[in-house]
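The block underneath contains the structure these notes are about, expressed in structure tokens.
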Amino acid sequence: MSTPVTNDTPHLESEFEHEPVPQEHRKSLLTVSAVWIGFPMILTNAVPGGLVVAALGFRSGIAAIIVANIIMAVYVGLLSYRAGQTGKNFALQTTETFGTVGYTIASGFLATIVVGWFAFNTGATGSALHNSFGWNEPLVAFIVGIAFIAVTFVGFKALSLLSGLAAPLFVVALVVALVIGAQTNDFSQVVSYPGVGGGMTFGIAVTAIMATFLDSGTMAADFTRWSKNGRQGVIATATAFPFASLVAQVGGGVAVAAGLIANASVNGGDFTPILTGPNNWLLNVLVVVFVIINLGSVCTHCLYNGALSWSHITRSKMRLLTLILGAVGLAAAVLGAWHYYVSWLALLGVIVPPLGAILIADQIVLAKRLRNRPQRRVRASAFIAWGAGALVALIVHQFVPVLSDAVVGLLVGFVVYLAIEGPQKAASGTTVQPESAINPATPAR
């Protein structure tokens, strides 16, 4: 029988921190897609798109963006397929692969990083409105941060509504910015834009584009576990990768190539200054609403990821951890943590991809072994593969910048794990319950 569902907060649906989402609580394809589409279609994703185009030129920059998004589509899609099959969140997924104790390292690591992204994007909201209107940056970050925490507290349904608003609002703001820019700039030279250089290689560009969402992309199960099956999980994530992500990054790249962005090698594809002006209150209102809702979407998603994983680790509730981690992230935002953007990207590009690749290898390529595999506190093979992937990626990052350390780390982690586990026969002896017994609500493929 399924575990009875009880709500820890009146009138709010359970977030299923410690069990798979039962089939009767799964959401429609439209609802899950709405959660995804507004996640990467954000201003801070337009920025790296612009930075890459500024460094490599339009053609090479767009090529790097496309390559990175194709890889992300496959990577996140496979993780989402598994989540839609089982209804398990990221913490439950990592428990299978890294062990009943070992998962705390893998899950806790990413859960902490995404809280850092919550802090960064909350701070970026205050910064954007300060730069546009001169408003008090820490105060704005504090006020909007409280609002973002409140939305996350409500849960998955609130994320779906906010994200569903953020995506069309981004498109409107981008189109308006490009139309305004076209009045004074020549768009006919966009495709031939040569870039300003700066030492970025194609490989580094691919990593920079992927790293923007590698963390929450790896934690995709937290969102796609609500899908009715694996196929719908893949379709839902496709609205984000490649579609929504390409819209944001290519949009930022076009703005740079058209000459609309001042100091593009630093500001990237941030097109909000185009929309602000002393004599146009309508555009100013658009900027305020756009920045808050758009960046609010990614903030709430990141905080949800972090709170869900940490609630499972601490055997607590998502909503309680939302308040605790939200307070920590908010303090970091007000103190200026968003300034460390490049450092976050470098860390993510090296360490995160092998982890996700190991989940794919273990739970998709070797999926048949999960049913009768003995449960262990720590699965050393997963950590060896993760360490190998991260180490090789770090070496590539330092000494072979022409390659993408994110892609290399992903491939090495995947291959090393299969090399260790592949030759082994299905384990015998004491076994855990089959997945069908643990999760009777698991839908058919």
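A Cβ is built for glycine as well, from the same backbone N, Cα and C atoms used for every other residue.
Here is what TrEMBL says about this protein:
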{"type": "REGION", "residues": "1-20", "note": "region 'Disordered'"}
{"type": "COMPBIAS", "residues": "10-20", "note": "compositional bias 'Basic and acidic residues'"}
{"type": "TRANSMEM", "residues": "34-56", "note": "transmembrane segment"}
{"type": "TRANSMEM", "residues": "62-81", "note": "transmembrane segment"}
{"type": "TRANSMEM", "residues": "101-120", "note": "transmembrane segment"}
{"type": "TRANSMEM", "residues": "140-159", "note": "transmembrane segment"}
{"type": "TRANSMEM", "residues": "166-184", "note": "transmembrane segment"}
{"type": "TRANSMEM", "residues": "190-214", "note": "transmembrane segment"}
{"type": "TRANSMEM", "residues": "234-261", "note": "transmembrane segment"}
{"type": "TRANSMEM", "residues": "281-308", "note": "transmembrane segment"}
{"type": "TRANSMEM", "residues": "320-338", "note": "transmembrane segment"}
{"type": "TRANSMEM", "residues": "344-366", "note": "transmembrane segment"}
{"type": "TRANSMEM", "residues": "378-396", "note": "transmembrane segment"}
{"type": "TRANSMEM", "residues": "402-420", "note": "transmembrane segment"}
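Against the transmembrane segment (281-308), stretch 140-159 has more CB pairs under 8 A than any other of 140-159, 166-184, 402-420. Between the transmembrane segment (320-338) and the transmembrane segment (101-120) there are 3 or more Cβ pairs closer than 8 Å, counting only residues 6 or more apart in sequence, so the two stretches are in contact.
Contact between the transmembrane segment (402-420) and the transmembrane segment (34-56) is not supported: fewer than 3 Cβ pairs lie under 8 Å, counting only residues 6 or more apart in sequence. Here the transmembrane segment (34-56) touches the transmembrane segment (234-261). Their Cβ atoms form 3 or more pairs under 8 Å, with each pair 6 or more residues apart. Using the rule of three or more Cβ pairs under 8 Å, pairs at least 6 apart in sequence, the transmembrane segment (62-81) is in contact with the transmembrane segment (234-261).
Against the transmembrane segment (234-261), stretch 166-184 shows more Cβ pairs under 8 Å than any other of 101-120, 166-184, 190-214. Within the chain carrying the transmembrane segment (378-396), a Cβ under 8 angstroms from the stretch's Cβ atoms is held by residues 97-99, 101-102, 105-106, 203, 349-351, 353-355, 357-358, 361-362, 403-406, 408-414, 416-417, 420-421, all 6 or more beyond its ends. Outside the transmembrane segment (101-120), and at least 6 residues removed from its termini, the chain residues within Cβ reach (under 8 Å) are 44, 90-91, 94-95, 148, 215-216, 218-219, 298-299, 302-303, 305-306, 308-310, 312-313, 325-326, 328-330, 332-333, 337-338, 340-341, 344, 347-348, 351-352, 355, 376-379, 382-383, 386.
In the compositional bias 'Basic and acidic residues' (10-20), helix, strand and coil residues by DSSP number 0 helix, 0 strand, 11 coil.
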